[in-house]
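Colleague: Got a structure for you, written out below as C-alpha cells; questions coming shortly.
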Amino acid sequence: MFISDRLSSYRLRNEINIRIHVSVESVSSEDPRSEHPMIMKIIGELALLGAIASVFLVAAQGRAAERAAEESAGRDYVRTLDEQTSRLRNKKTIASWDYETNLTVHNEQKLLQVSLEVASETKEYWKETMSYLWHEFEDPDLKRMFKKYTELGTSALPEDLNQRLIVAINSMQSTYAKATICDYNNRTKCDLHVEPEITNIFATSSDAEELKYTWLEWHKAAGAPSKSNFTEYVQMENEAAKLNGYDTVAEWWLSEYEATDSEDQFAALWAQIKPLYEQIHAYVRGHLRVKYGEEVVPKKGPIPAHLLGNIWAQTWGNVEKFTRPYPDKTDIDVTAALIAQNYTALKMFKTAEEFFTSLDLSPMPELFWERSILEKPTDGREMVCHASAWDFFDGEDFRIRQCTTITDAFFKTTHHEMGHIQYYLQYKDQPVIYRAGANPGFHEAVGDVIALSVATPKHLRVMGLLEDGPEDLESNINQLYKMGLDKIVFLPFGYLLDLFRYGVFRGTTTVDDYNCHFWQLRESLQGVEPPAPRSEADFDPAAKYHIAADVEYMRYYISYIIQFQFHRSLCQLAGEYAVGDSSRLLSNCDIYNSTAAGNALGKMLQLGSSKPWPDAMEAITGQRFMDASGVLEYFQPLYDWLKAENERNGEFVGWEPSTVQFCTPNQKAAMEATGFNKRLKKYAAL
C-alpha cells in the first residue's frame, strides 16, 4: 500500500465514524421538552457540541492507535530492510572491488550487471518504504532511519539512464587508471602512470621543462578524453537528484551536512584560513622566483602549477627541501629511516595498527590482512592505485587497497586509511543505514587526527625513526612550515573542487566553460596558474581521481578543519596540551598510549551517522559547530614568523590576475551575466 492509499483509507474511516455518531445523536433528539424552544435550542446545541467533541475524541483515539500500529510495523520492517540493504551493499561492493583491483572488460561488465540488479531490487524496497507514514512516527530514531531510506540514490533512475550513468563513471575511472605518458628523457618509454612514476617525477625533479612537459602530458592523457563522459554523468546525476527530491546534485551533496547554510559555513571557514594561506603562498613564490627566475615565476602573479611538487598542486611538501625557513636544521623526513630499518608495506600497516590499539581501539580483523591489497600487484594487471579503505557491509570484511611505497608520505597515508577502517569497526553494529561518518568530513578527519600525532618529532623518536635532538624555536618553525605545506596549502584546493562541480550541476558552468571556470577558481582561491594556455579542448578537472570517480570532495576540506578541533580536544584529554604552556604545544602533542583520548574518540566513532553531526562533534569537543580556530592556534607561531619574513623580504602578499590565458574574452565577459562572478566573490572571500 502506498502513501496515497493509506491516507485515503484513514480519511474514509474517520468520515464514517463522524456520520455514525451524528446519526445517533439525531435519533435521540425527539424529546417532550421541545415545547420550550429556547431551552431546547441550547440543549440541542450543547448536545451537538458534545457529539462533535466525542467524534473528534474517538477519531483521535482511533488515529493514535493506528499510528502506533503503523510505527510498530515500520520498526519491524526496518529490521528486515536493514538485513537486505546489507546484503545488497555487500554484493555491489564485492563487484566494485573486483573491478577496481583488476580493470578488465569482464569485470567491468560484471560490475554493470550487479549494479543494475542491486538498483532494481533497491527500488522495490524503496516503494515499500514510501508506503509508510513515517513523518508521523513518534520515535525520532525510527524517523531518521526512514528519512535516510527514502533517498533512493541513483537507483531512482530508470534502468536505461542508470546504465548510462554507470558506464560514464566506469569509463572515466578506467581512463584515469590506465592513462600513461612517455618519459621526458626517453620518449620511447611510454608506460608512466600517475602512481608511482609521475608522482615521483614531481617529488624529485627541479627541471622546469621536464615538469611542464609531464604536467601537460598527464592532463592530456587523463583529463581531455573524459569530457564527454563527464557531461553525460552530470546529466544523469542531476536526473537522479530530482528523483530524490533535490533541485540538483549540489543540493543533494550538501544535504549530507544537515544544515541550510552549509555553503556559507564553508565560506566562513575559508575566510578564517585565507590570511595564513596567503602568507605561505607569498613566501613560497619568493623562493620559487629565486630558483627559477622571474620570467618563469612572476613577482606578483599566481604560481605556475607545475612547480609546486605535486601534479595537482594540492599540497606543496616537495618544495620544502629548498624553501625551508631554517635550512641548517635537520629535516624531519623518515623515508631514509624506514628503508634503513627494513620497513615493508606490511610492517607500516602493522605499525599503524599498533597506534590504534595503544588507544584501546580495535585491532584489524584477520580478514583485513587476508584480503587487503597493500602493494601494487606484480602480475601485470591494471588496477586503480589511489589509496582507499573499503567496508563490505557484513560486519566482518574490511579492506585497504593501496600501492604502498616506503616513504614518509605513505607512512602517514597508511595511518590515514587505517583510520577509515577503525571508523568502520567502531560503528559496525549500527544499522547499515547509519554506517557512515557523522558527516562526510568526519570520516576523512579520523585518520588524519592520528597522523597529526604520528608526524611529531616526539612520536617519531619513540618509534626509533628519528634521532634525539633539540626542539628549539627554529626546529618548531621548520616543522610547522612543513606541516603547513600539506594542511594549509590543501584547503583552497579541497574547497574549490566542489565549488566547481556545484556550478556545473546548477548550470552556471556549462560544457562550453568547464575549463575556463575551473581555472578561474584555481586562480582566485589557490593563486596558481597553468603552465601553458588552456582551452575548452582540454578538460583538466578529470585529471584528478575524485572527479573521474564521482567522489564528493568537500569532505576533505572539512576534514582538514575539524581534525584540528578533534586534535585539540584529544590532546587535552591526553594531558599533552595546555593553553599557554610552552612545554605542551599543540603542534607537539602525541596521543599515543592515551586510553582517555582513545575512549573519547571511540565513543564518537561508534555513533556513525545515527545522530546529526553536531551531536558527534559535541561528544568530543564540546562544540556544536565547525571552527577553524584549532588550525590557527596550531599554526600561530608559523603565521607570525611568515608575516615578519615576508615583510622583511618585501614579498607581495596575494596575487594579481594571471597572464596565461585559460578563458577567452567572451568567456570572461559572460561570467558576470551567468552569476559566476557573484558566487565567486561570495564563496571565495574576495
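In case you wondered, yes, glycine gets a Cβ from its N, Cα and C as well.
Feature list, courtesy of TrEMBL:
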- Asn102: N-linked glycosylation site (CARBOHYD)
- Cys182-Cys190: disulfide bond (DISULFID)
- Asn185: N-linked glycosylation site (CARBOHYD)
- Asn186: N-linked glycosylation site (CARBOHYD)
- Tyr257, Arg555: chloride binding site (BINDING)
- Cys385-Cys403: disulfide bond (DISULFID)
- His416, His420, Glu444: Zn(2+) 1 binding site (BINDING)
- His546: active site, proton donor 2 (ACT_SITE)
- Cys571-Cys589: disulfide bond (DISULFID)
Colleague: Select the closest residue to Asn185 (N-linked glycosylation site) from the following recorded positions, measuring between CA atoms: Cys403, His416, His420, Glu444.
Modeller: Cys403
Colleague: Can you name the residues of this chain that are 6 or more positions from Glu444 (Zn(2+) 1 binding site) yet have a C-beta less than 8 Å from its C-beta?
Modeller: Gly437, Arg555, Tyr556, Ile558, Ser559
Colleague: Under DSSP, is His420 (Zn(2+) 1 binding site) helix, strand or coil?
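Modeller: The residue in question, His420 (Zn(2+) 1 binding site), is helix (DSSP, three-state).
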Colleague: With H, G and I counted as helix, E and B as strand and the rest as coil, say where DSSP puts Cys385 (disulfide bond).
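Modeller: DSSP call for Cys385 (disulfide bond): coil, neither helix nor strand.
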Colleague: To test your reading of the Zn(2+) 1 site: which residues beyond His416, His420, Glu444, same chain only, put their Cβ within 8 Å of the Cβ centroid of those residues?
Modeller: Ala389, Glu417, Gly419, His443, Ala445, Val446, Gly447, Asp448, Ser559
Colleague: How many neighbouring Cβ atoms, not counting its own, are there within 10 Å of the Cβ of Asn186 (N-linked glycosylation site)?
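Modeller: The Cβ of Asn186 (N-linked glycosylation site) has 9 Cβ neighbours within 10 Å.
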Colleague: Count the Cβ atoms, other than its own, that fall within 10 Å of the Cβ of Tyr257 (chloride binding site), considering every protein chain shown.
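Modeller: Taking all protein chains shown, Tyr257 (chloride binding site) has 21 Cβ neighbours within 10 Å.
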Colleague: Using C-alpha atoms, which one of the recorded positions Tyr257, His416, His420, His546 comes nearest to Asn102 (N-linked glycosylation site)?
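Modeller: Checking each of Tyr257, His416, His420, His546 against Asn102 (N-linked glycosylation site), the shortest Cα distance is to His546.
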Colleague: Near the residue listed as 'active site, proton donor 2', how many other Cβ atoms are within 10 Å of its Cβ?
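Modeller: Result for the residue listed as 'active site, proton donor 2': 18 neighbouring Cβ atoms inside 10 Å.
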Colleague: Check each residue in the chain of His420 (Zn(2+) 1 binding site) that is at least six apart in sequence and keep those whose C-beta is under 8 Å from its C-beta; list them in sequence order.
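Modeller: Correct list: Ala389, His443, Val446, Gly447.
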Colleague: Can you tell me the three-state DSSP label for Cys571 (disulfide bond)?
Modeller: helix
